[in-house]
């Protein structure tokens with residue numbers, strides 16, 4: 001069930017004479033999703049290009065960054081479908097398959113981002129806290145296996161989002177997407193609450209605790225090595241940047257979404273609510289889902305500021321581009337040079353003149 005559905009569910013459980021937030025929802029979703037699409041496609045597309053072009057320099061960290069960029073691109077490529085839906089005032093005309101796919105892609109990306117960030121944090125933790133064991137525990141092959149497991153697990157547990165497609169709303173005669181086709185009964189609400197707590201524990205709380213433990217270990221290790229070599233200090237600064245960016249992503253994108261979703265489901269179980277509470281809860285759905293979707297814009301910062309050698313890969317990528325352009329320029333110059341030489345040949349001295357022998361005709365001219 002898509003989180004955008006919750007505000008519509010609330011209407012069915014409460015008074016119907018409250019002011020509608022449809023205009024607010026349509027404007028915010030269409031604007032924010034458009035911004036996320038532009039920055040997400042540009043940032044992750046460029047990062048993916050650099051990572052693919054420098055794939056020969058791959059490492060376990062590189063494998064995780066590559067998969068995270070792919071996940072983000074798959075998500076932001078479906079956001080324009082949501083933009084069209086809200087620009088059309090909540091009318092879906094793109095077919096049932098794309099409706100299911102766009103709901104599915106957002107949540108696959110959301111939890112893939114959480115798990116790939118967790119894997120990157122564990123990798124950095126092992127490299128700094130257990131550098132010797134890291135050589136044995138961390139490898140490209142194991143990183144690929146972890147990525148495959150993450151994709152399979154997230155795609156499988158997110159499959160319920162494929163179950164709800166487009167439907168016709170009888171009151172407005174509009175084709176709806178991202179909204180529930182029927183009223184949720186008490187049993188259906190209990191099922192939603194159970195699924196929410198399961199995804200909250202597995203998809204947010206557990207990864208967040210793992211990341212916190214990793215970062216506590218990293219900070220302790222860095223503090224105990226105050227007089228270290230310059231190379232280790234560089235690795236430490238990258239780790240600190242990674243801590244800041246990942247924690248910002250969790251605190252700004254993932255935490256508000258999961259807290260609000262849990263509070264909202266609890267709100268739905270109440271029978272008596274005021275109109276102001278209803279409107280506030282509906283608008284909070286819009287804001288927190290936009291924050292959750294914006295995680296695709298945080299990940300390029302993670303690549304550039306804390307990625308293992310990403311700036312070195314970027315320099316290597318630029319060098320490769322220059323090298324590819326240089327032969328093309330050199331290949332275009334010889335024909336021009338040869339043509340210029342032919343034009344000069346009639347006025348150049350002959351071979352005999354170069355050797356100091358003049359022809360009879362030339363002696364008469366002089």
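Glycine too: its Cβ is placed from the backbone N, Cα and C atoms.
Per TrEMBL, the listed range annotated as transmembrane segment is 32-52 (candidates: 32-52, 263-283).
Checking TrEMBL for transmembrane segment across the ranges 175-196, 197-218 points to 197-218. Listed by sequence, the residues of this chain that lie at least six past the ends of the transmembrane segment (239-259) yet keep a Cβ under 8 A from its Cβ atoms are 3, 110, 113-114, 117, 120-121, 124, 128, 200, 203-204, 208, 211, 215, 218-219, 222, 287-289, 291-292, 294-295, 298-299, 301-302, 305-306. By number of Cβ pairs under 8 Å, the transmembrane segment (197-218) is matched best by 107-131 from the list 32-52, 107-131, 143-163, 285-305.
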